[in-house]
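> Take a look at this one; I'll ask things after.
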Ligand SMILES: Cc1cc2nc3c(=O)[nH]c(=O)nc-3n(C[C@H](O)[C@H](O)[C@H](O)COP(=O)(O)O)c2cc1C
């Protein structure tokens with residue numbers, strides 16, 4: 001039913017059947033690679049970049065892609081499906097429950113008001129009430145893909161306005177289903193087969209839908225974890241990618257087969273898995289696919305804009321687009337006031353959602369098939385929806401550059417953005433070392449997000465109530481998913497040198513603001529970490545070896561305080577020795593081979609130790625004082 | 001377990017015990033005494049990480065508190081200051097609700113390089129031992145404790161062995177008197193050192 005291939009209204013130049021898939025892929029990827037960074041640099045955001053790229057390679061400019069824009073649209077719709085899966089992953093059920101008010105209240109109000117008002121306007125322009133209602137339903141929806149992607153890129157998803165937008169989008173995605181069901185009833189001619197198919201086996205369908213939803217929830221709860229653990233234990237990374245894709249595609253197919261929106265199905269699956277320790281790993285694996293497919297979707301939107309039609313009726317189309325955006329904006333803004341979204345956030349919310357959505361394409365074409373709306377109506381409206389989608393990034397830029405700064409001055413006291421599970425500290429590696437520092441921080445109420453790759457480890461730690469996630473912290477996407485762009489510090493505590501170096505270098509490169517502290521397995525490793533720009537490192541053994549040293553000296557009869565001071569002094573000496581060695585190494589790199597160098601280094605260490613021994617503090621030694629006082633007394637006597 | 005009139009807590013502080021002669025001797029004289037808890041702060045908290053709760057419990061369990069330390073720079077070694085700052089909490093040791101130390105005895109046992117001739121007007125140190133210990137005295141009184149005159153072993157740098165043995169015996173007898181309540185608190189004078197009276 002959501003097969004966009006059959007419904008895209010703007011069939012244009014036929015594709016050469018010999019054109020290979022690879023050629024098309026090349027065109028799309030090249031367009032993306034050229035246009036998106038450019039658009040970003042201009043401050044336009046990636047969405048607009050993709051759409052412009054689509055316009056350029058589309059049939060009216062370069063003509064590199066034509067009708068196959070449609071078939072690509074089909075694959076690209078999957079980007080939306082994946083996006084909702086990722087969105088679901090970030091939404092724990094508890095939070096979804098918390099949002100139930102905005103989803104039902106705000107979302108419901110937005111859809112109903114917009115449908116009625118647009119229906120009223122079109123009727124005033126001479127539409128039948130059935131046609132008006134159909135248009136109202138089509139245009140009441142906004143673009144989940146564009147809005148979420150744009151908000152995400154600007155880091156606004158967790159702001160109040162962002163959350164309100166999300167709630168409304170979620171309601172709209174659900175509302176598509178009843179809309180599709182209602183559409184045939186609006187037909188003035190007797191129902192055709194498509195309509196029958198939709199509403200005859202009512203109860204069977206209901207049972208099926210409930211069954212599928214329950215299946216997703218139960219399987220997500222009880223089945224996925226053992227499967228993921230089994231896959232994780234193989235330590236083959238691409239297996240995880242495979243199972244993540246399998247999961248999303250499978251759920252999408254399943255829900256589509258019972259007539260639910262696949263996006264909704266994967267969203268549900270995402271929510272169910274949001275509590276899983278594999279959440280970040282899943283997210284990391286899906287993310288690149290999601291991003292690319294969404295990109296292709298935006299390109300397709302650009303490529304399918306019907307320029308000849310636009311040029312024929314420029315004023316009419318412009319009027320529709322502006323009318324659409326203004327009407328939606330006004331309704332959203334009033335609702336935002338009614339639902340007490342703060343001032344600045346209400347502007348964001350209203351700008352963000354003031355466009356038509358991808359589902360309008362589907363609904364318009366369906367309305368055409370069931371004879372509710374004639375092609376003369378759907379063609380300009382579909383074009384207007386595509387153009388309004390293109391306007392969204394521009395509106396958000398206006399908000400960011402002009403409205404938000406004004407608002408900020410107007411009311412300085414505003415709610416901080418809702419931050420849910422963003423911890424200031426990320427620990428990579430929860431083995432013997434990471435687990436101590438992690439528990440230490442936890443005990444002092446410092447929120448920590450833990451990443452580890454040993455499934456058994458994770459299982460135990462989760463049992464005692466710690467938040468541990470499965471995943472390889474040297475992957476940018478996983479660090480992203482764990483919140484590295486917002487966290488204050490990453491602690492690298494993995495027990496493999498190479499891995500630790502890799503994590504430090506990736507983190508420092510991609511998250512320049514993130515402070516990175518690391519565990520060094522030995523001094524050699526410490527030097528490496530230093531080269532990879534770790535902000536601080538500690539030798540994993542020096543601390544505990546010296547602590548045991550204190551115990552040894554105390555056992556030998558030293559006073560514990562003296563032993564303790566000795567250990568502190570030695571630790572300082574150790575740091576200094578290392579610094580000298582580093583310098584020595586740099587100076588003599590060219591001359592010494594490795595073996596020779598390490599022999600020299602050991603000698604240096606011993607020499608440094610020998611010097612050091614002669615230098616303790618005087619430990620409240622009063623010998624000289626005694627001598628002086630005694631000699632004075634003798635003099636007096 | 002024999003019952004005593006008072007249980008005594010000795011808070012001992014010497015940062016360089018390996019170089020100590022006087023405090024070592026005094027310590028040996030009392031540390032095994034029954035009715036006395038000998039608590040070496042530098043040994044228990046070499047990193048100065050004083051466990052406040054544990055210290056307060058110790059205080060609650062005893063009826064007399066003795067600071068034993070070498071006199072350093074007219075004051076106590078550092079950890080005793082740290083101990084006061086951390087353990088004598090407002091609302092516990094002092095303040096409207098702070099009455100946990102009320103009625104306990106508080107005494108100082110110290111060793112000083114200087115002798116009585118130095119600790120007087122016109123002497124090397126100008127002030128008497130009592131005057132120099134005013135901060136501790138006020139602290140004890142603020143916490144509702146009974147301040148005892150200092151027990152001081154003087155000329156600690158040059159003291160003869162037999163004198164030191166004698167001083168240690170004195171110290172032991174002093175603690176016994178507190179423990180068994182044979183010290184006539186009402187008969188104590190305003191100033192001077194307690195060794196001359198005990
Ligand atoms: C750091 C330091 C400070 C001292 N300050 C004083 C002082 O202010 N007045 C004094 O009479 N003796 C002073 N002395 C001498 C000590 O009181 C003397 O060394 C100590 O009481 C001897 O006891 P001990 O054998 O247990 O170490 C000081 C000694 C040291 C090491």
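The backbone N, Cα and C atoms fix where each Cβ goes, glycine too.
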> When TrEMBL marks a stretch as transmembrane segment, which of A:279-298, A:379-398, A:399-418 is it?
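That would be A:379-398, the stretch labelled transmembrane segment in TrEMBL.
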> Among A:187-205, A:206-224, indicate the range for which TrEMBL gives the feature transmembrane segment.
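Spelled out, TrEMBL records transmembrane segment over residues A:206-224, not the other listed ranges.
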> If you count every Cβ pair below 8 Å, which range out of A:20-40, A:131-152, A:164-186, A:206-224, A:317-335 shares the most with the transmembrane segment (A:103-125)?
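Of the candidates A:20-40, A:131-152, A:164-186, A:206-224, A:317-335, A:131-152 scores highest.
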> Count the Cβ pairs between the transmembrane segment (A:164-186) and the transmembrane segment (A:347-367) that lie under 8 angstroms and are 6 or more residues apart in sequence, then report whether there are at least 3.
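When sequence-distant Cβ pairs are counted, the transmembrane segment (A:347-367) touches the transmembrane segment (A:164-186), since at least 3 lie under 8 Å.
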> Taking residues 6+ outside the transmembrane segment (A:347-367), which of them lie with a CB under 8 Å of any CB in it?
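Same-chain residues near the transmembrane segment (A:347-367) but 6 or more away: 1-2, 4, 6-9, 77, 80, 110, 134, 137-139, 141-147, 150-151, 156, 159, 161-162, 164-165, 168-169, 172-173, 176, 179-180, 183, 186, 194, 297, 301, 324-326, 328-329, 332-333, 336, 341, 373, 378, 381-382, 384-386, 388-389, 391-392, 395-396, 398-399, 403-404, 407.
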> What parts of the chain pack near the transmembrane segment (A:379-398), using Cβ distances under 8 Å and only residues at least 6 beyond its ends?
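Hits for the transmembrane segment (A:379-398): 9-10, 43-45, 47-48, 51, 135, 138-139, 143, 146-147, 150-151, 154, 301-302, 304-306, 309-310, 313, 316-317, 320-321, 324-325, 348, 351-352, 354-358, 360-361, 364-365.
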> So what's the mean pLDDT when you look at the domain 'RCK N-terminal' (A:422-554)?
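Across the domain 'RCK N-terminal' (A:422-554), the average pLDDT comes out at 88.
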> Taking helix as H, G and I and strand as E and B in DSSP, count the residues of the domain 'RCK N-terminal' (A:422-554) in helix, strand and coil.
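The breakdown for the domain 'RCK N-terminal' (A:422-554) reads 61 helix, 26 strand, 46 coil.
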